[in-house]
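See structure below.
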Amino acid sequence: MTEYKLVVVGAGGVGKSALTIQLIQNHFVDEYDPTIEDSYRKQVVIDGETCLLDILDTAGQEEYSAMRDQYMRTGEGFLCVFAINNTKSFEDIHHYREQIKRVKDSEDVPMVLVGNKCDLPSRSVDTKQAQDLARSYGIPFIETSAKTRQRVEDAFYTLVREIRQYRLRKLSKEEETTQCIKL
């Protein structure tokens, strides 16, 4: 069974835990209890492949930022979450992305931009703004609602597909560099 190490990042209060718990346990957590760090595992079938998702739900609070480097090193793919009713959380995405690229020492890191809380009647981040940002990064963008479960699986499964493509790219690069000619 293939294992995927997913990390959920974003500012405090954007719904990282709510998204993760909705995926894992199929229910919405209404109360806000800031996370320090929680780990979840779930077996799912994505595109016919049985996968083990190892999901790290991280702290959005700035006082835990020192822990970020460690989980960014071990994560294979990142859900970069902002809340559509919180402009600052959207602006923070850039900092998370830059930190991930720095820690991974790579421009090519599997990521999905997630605009959460799309069930809310008012928004401060326009869908087009988020689509444009995702396009500039070359990553998918998905709007979710942890409350209604809208596109929650889609966000995590899309990240798994991004990791698969990344692994294939890495594999073909390794094959290119290790080819030898027998005389």
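Here the Cβ of each residue, glycine as well, is placed from N, Cα and C on the backbone.
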| Stretch carrying motif 'Effector region' according to Swiss-Prot (options 32-40, 104-112, 113-121) | 32-40
| note | Model confidence for the motif 'Effector region' (32-40), as mean pLDDT, reads 77
| message | Using a 10 Å radius around its CB, how many other CB atoms surround THR58 (GTP binding site)? | response | 26
